[in-house]
Structure formats: C-alpha cells, structure tokens
Amino acid sequence: MKIGYARVSTGLQNLNLQEDRLNQYGCEKIFSDHISGAKSKRPGLDRAIEFARSGDTIVVWRLDRLGRNMADLITLVNELNNRGVSFHSLEENITMDKSSSTGQLLFHLFAAFAEFERNLILERSSAGRIAARARGRYGGRPEKLNKQDLTLLKTLYDNGTPIKTIAEQWKVSRTTIYRYLNKLNNQENKDK
C-alpha cells in the first residue's frame with residue numbers, strides 16, 4: 001500500500017499541490033501536518049508511520065517535507081526499513097529500501113542537500129533580521145501609542161483619570177495601558 005505524507009510549515013501555505021501529487025502517484029491514504037519541519041512533534045507523520053505495515057511505502061512530495069536535517073531523515077528511513085516499510089520521494093524520484101544500494105546513496109545525497117538548503121534559509125533569515133535591526137526595525141507589531149500619546153497618558157493617569165477612560169480614549173485594552181505605564185515607570189527608574 002502507498003501511504004502519503006504531506007507537510008506545510010505555516011497556516012498560510014496550502015497542502016493541495018502535495019496532496020494532488022500523492023493522489024496521482026496512487027497513495028491510498030494521506031496523512032498531513034501544518035507544522036514546521038524543525039519541530040520534533042509531527043502527529044501526522046507519527047500516524048502515517050503507525051499505520052504503515054511491512055511491504056508498504058511511505059511517499060512524500062519532496063524530501064524536505066519529511067525531516068529537519070540529514071540525521072533525522074536517516075534515522076526515520078532506517079526506522080521504516082527496520083519495519084519493512086520503504087520510502088519514496090516524488091520530486092527527487094528516489095526509492096529507499098534495504099535492497100537498493102543506489103537508493104541509499106541517492107537518499108543520503110538528497111538528504112544532505114535538503115539540510116544544506118534549510119541552513120541557507122535560516123542564515124538568510126537571520127541576516128535579514130540583523131540588517132533590519134541595524135536600520136532600526138525590530139519586527140513585531142507597531143506600537144499603539146507614540147511618544148506624545150505616552151506623555152498625555154502619564155499626565156491623565158497622574159491626574160487620577162480612570163484606566164478604563166484612558167483605554168477607551170485610545171481604543172486599547174486596560175492591559176495595554178497598564179503595560180505602557182509599567183514601561184514608563186521602568187524608564188523613569190532607569191533615568192534616576
């Protein structure tokens with residue numbers, strides 16, 4: 001039996017392409033995850049492995065859908081082989097089982113390239129964040145209140161205006177107002 005496994009890293013990505021390819025290949029059952037490959041817990045993959053029986057083949061669209069790094073891929077494929085389950089990657093067109101030396105060689109090569117590609121992506125992302133910080137951008141949501149708002153907020157609070165009223169004025173929660181007040185108090189304490 002051919003058992004498919006599909007994975008996307010974020011909720012913004014879509015499984016349709018992978019599932020279509022797995023169906024075209026003849027997979028009778030498809031398991032999936034919406035989770036980064038860097039996470040060790042992948043319930044869909046775990047269910048696919050539990051479901052697979054000796055003689056079955058687990059099929060993925062691309063090798064990088066299966067694992068975080070070369071060591072994980074090798075461990076996983078060895079586990080499958082020990083259970084008598086083979087593995088096939090559609091894009092790389094490799095089948096891995098104990099009987100195929102060529103399949104083992106290709107698997108190790110493609111696993112190394114998949115890990116290399118992931119590391120490049122991580123390096124680029126890190127470099128991008130560092131460059132953004134150097135330009136004064138720190139990511140995350142923009143602040144709700146600017147410096148002028150904070151000055152007015154502090155004045156209103158010091159004059160006894162209720163937190164609820166202050167929060168309504170800026171259309172934010174009371175928690176947000178308290179967070180800004182704590183931030184202001186911390187700044188004042190640092191300045192002393």
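Each residue, glycine too, has its Cβ placed from N, Cα and C.
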Given the ranges 63-82, 103-122, 163-182, which one is assigned the annotation DNA-binding region in Swiss-Prot? 163-182
Local Cβ density at Ser9 (active site, O-(5'-phospho-DNA)-serine intermediate) - other Cβ atoms counted within 10 Å: 15
Same chain only, please: residues at least 6 beyond the ends of the DNA-binding region (163-182) with a C-beta under 8 Å from a C-beta of the stretch. Say none if there are none. 144-145, 149-150, 153-154, 156-157
